[in-house]
2 protein chains.
Amino acid sequence: MKGTVGELGEFGLIRELTSRLTTTPAVRLGPGDDAAVVAAPDRRVVASTDVLLEGRHFRRDWSTAYDVGRKAAAQNLADIAAMGAVPTAILLGLVVPAELPVTWPTELMDGIRDECQVAGAAVVGGDVVRGDTITVAITALGDLRNHEPVTRSGAQPGDVVAVTGWLGWSAAGHAVLARGFRSPRAFVEAHRRPEPPYHAGPAAAGLGATAMTDISDGLIADLGHIAEASKVRIDLRTAAIDVPTQMSDIGQAVGVDPLQWVLTGGEDHAIVATFPPDVKLPARWKVIGEVVNPSALPQVTVDGAPWDKAGGWDHFGDAEPEDPAGSGHPAG
Amino acid sequence: MKGTVGELGEFGLIRELTSRLTTTPAVRLGPGDDAAVVAAPDRRVVASTDVLLEGRHFRRDWSTAYDVGRKAAAQNLADIAAMGAVPTAILLGLVVPAELPVTWPTELMDGIRDECQVAGAAVVGGDVVRGDTITVAITALGDLRNHEPVTRSGAQPGDVVAVTGWLGWSAAGHAVLARGFRSPRAFVEAHRRPEPPYHAGPAAAGLGATAMTDISDGLIADLGHIAEASKVRIDLRTAAIDVPTQMSDIGQAVGVDPLQWVLTGGEDHAIVATFPPDVKLPARWKVIGEVVNPSALPQVTVDGAPWDKAGGWDHFGDAEPEDPAGSGHPAG
């Protein structure tokens, strides 16, 4: 595939993109008509939208188009799973400069398609527009399969807090990349391509999760959303939180407490949920804290005390640090 | 509401936007969680995505933020209606520069909300990101209410072609604006704010429409999509197509055959469909042509002959004219 998207033209690019797609039984009508039709057997559909901009959410020199596609899809599909739903479909709104090589959007689409396949979903439609800044707007849909949606507002004092998936790996990989290194590869890969535990979302709904979210902004920040919505406090126990040896090594090399990555690093899209205390959790869930009554303390505490370095991330704030990756979490 | 979106911050802006929304019984969970939940009683969901860019699809000096919101929502909701579905929900992905006054996105949201209300839908979620170019990425959802989706591929020779809604009004309004005028207001208003006949889509599905689409690129262009997908030719009869007197007057004033606007002007989001010849159509549908066997002629003909001036619109093509509105149709 040679040439630029401007040379190929709008309809040529759309043909090229849709020709790469695969389908699933849930896709009743795929791309090419006024709208797509997707099965929604539960009689409710779960839907979420995210927008990624070049220079803010990804860098072409750090991530391939394929990895951007994997990551963009993963972040949306994880939102669906975090409601307790099974992802079914993605729609893609894409802005591309005319001078962009055609291989960039086609490899992006390959990445979106492959991540959809991991989650059991398919790309069913979209729109392509020419513009100055590469923009990837993704909407993901999902089906609840007769579970009630697990919101952020159902956590109860006495519940346990449990997590499954990777924590802090993307942040550690970001710290490595930001210092000009390309290894350790496992962490760089984790930054480029998260692996959300999609299956764990619906499974948690089946296990009676009282509140759930995926970790896109950081464990403390995202648990803060649950604590606020549920009007509770959440206390994390650092003794229960594993820091991999290799992550500790990176932390030592770059002068960062690796616990900081685990507690505040985003973009791994692990899934964290609260459960009644008597829940029997599968092996890959780890209990890392508990839900308690609200108090004068912050809504999320670590070993009973405020976590000094925790902070939100405001994409508009004046205080925003210059983060070339715009990756949604402080660089360390 | 004073200040810029940068001063208000991401969370402040999201609060401001969501506080303006209304809801419907179909909204089971609105904005604020990982994803929204929308009723899909048909067990299938219809979904469509469009992306609008400032400078390409709208101009801030020609349209208010409110009108951009109305138009952006209308174009997506019309896609849902054109499948024969009832619109239920919209998700909004929004890119805004930090220096943009807060009133712009809030008025945009008012417009999206109000257009949703016309169509019976509601805004259920979205994402807001800071970036250089205002970008409005909308995904609309809808419910088929036990109708089969009406695609572009079911037109049969012998079917009649019928249309409902406005034709050429947006193009005539665009021609007026492009020449620096602000009146006649009815046409300028039609360019700023289309009025798709949402109810007509599901009604047409109930009447047995064999193919259907909304007119976003122009009557001939969009019927071309039906003719191609259905492997038929469509012949339009100009004697059956009304050109309003006031549109003729504008045509004379600017030196354009107004039939050109009616046949090739986009963005009015009228709904055109093919029906079996014995259909009894409600009063506001007008039969304007028929479906015939394919031949050596173009896929859409006018009074049995090619329409010279008809042409597609390629957002990427080198031959694209400089159209400051980027409005998706030639300026006349």
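Just so it is clear, glycine is given a Cβ too, placed from its N, Cα and C backbone atoms.
Matching B:Asp143, B:Asp159, B:Asp214, B:Asp217 to the Mg(2+) 3 binding residues that TrEMBL gives (B:Asp34, B:Asp79) identifies B:Asp214.
Here B:Asp214 (Mg(2+) 3 binding site) is compared against the binding-site residues B:Asp34, B:His57, B:Asp79, B:Arg152, and the shortest C-alpha distance is to B:Asp79.
B:Gly126 (ATP binding site) sits 19 Å from B:Asp79 (Mg(2+) 4 binding site), taking the CA atoms of both as reference points. Counting only same-chain residues six or more apart in sequence, the Cβ atoms lying under 8 angstroms from the Cβ of B:Arg152 (ATP binding site) belong to B:Ala211, B:Met212, B:Thr213, B:His225, B:Ile226, B:Glu228, B:Ala229, B:Ser230. If you count neighbouring Cβ atoms within 10 Å for each of the binding-site residues B:Asp50, B:Asp217, B:Glu267, the highest count belongs to B:Glu267.
Within 10 Å of the C-beta of B:Gly126 (ATP binding site) we count 26 further C-beta atoms, all protein chains included. Comparing B:Ser48 (Mg(2+) 4 binding site) with B:Asp217 (Mg(2+) 5 binding site), their Cα atoms are 16 Å apart once rounded. Least packed by the Cβ count within 10 Å, out of the binding-site residues B:Asp127, B:Asp214, is B:Asp127. For chain A, the nearby binding-site residues by a Cβ gap under 8 A, listed in sequence order, are B:Asp34, B:Asp50, B:Asp79, B:Gly126, drawn from B:Asp34, B:Asp50, B:Asp79, B:Gly126, B:Asp217.
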